[in-house]
């Protein structure tokens, strides 16, 4: 039976993810993105209120995933969580990626500005309760944006942190209720760098300044040499993930 992706139920999307995970076990990033396009690319009509097809998430550390996706779907939707706390270099990278790769950047923002949050929650919530800050400025806007799509593509990789060591290529994201594709999950740091060099990929200038994992400015520091690349995120706290990749 053919499933109307734009109106697919959670159970139907879960079944699609399960079949895809089996059929594309060991597939390349390009093959995974082509499957994503073939399965979800037609999307739906926004005028009907149905779900769109899929969106590609990027933290704008580099343009690798966006470059890969744009070759399969020129003008693809790219999700950027504009928390209000980003480094200027990250915002600059976002703008350059949109222009150079010709994609449609969707800026997901919290309902409250940083100033409004300071009034409601107290100044510098990130320092007192980083989990709540991430919930308000990342998780909630992400959930709202993803509710309009049937699938999302992320750039998480297994080598980035122990919490991501078993990241699947395709799964059903129970937290957000849609299919999740991680096409570069198996890539090593060397493979990433080779793709960047070979294709002259845009890279956030902060990477060359010693930031291998870039998030919000107040919660990002340079990790010690040889340590977990994500150890510079929320340094000094037990927190290691912002809640976007819990499933």
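The backbone N, Cα and C atoms fix where each Cβ goes, and this holds for glycine too.
Record note: among 196-221, 222-247, 222-247 is the stretch given as region 'Disordered' by Swiss-Prot.
In the structure as shown, the Cβ atom of residue 219 ([4Fe-4S] cluster binding site) sits within 10 Å of 20 other Cβ atoms. Counting every protein chain shown, the Cβ of residue 216 ([4Fe-4S] cluster binding site) has 22 other Cβ atoms within 10 Å. Mapped onto three states, the DSSP output places residue 216 ([4Fe-4S] cluster binding site) in strand.
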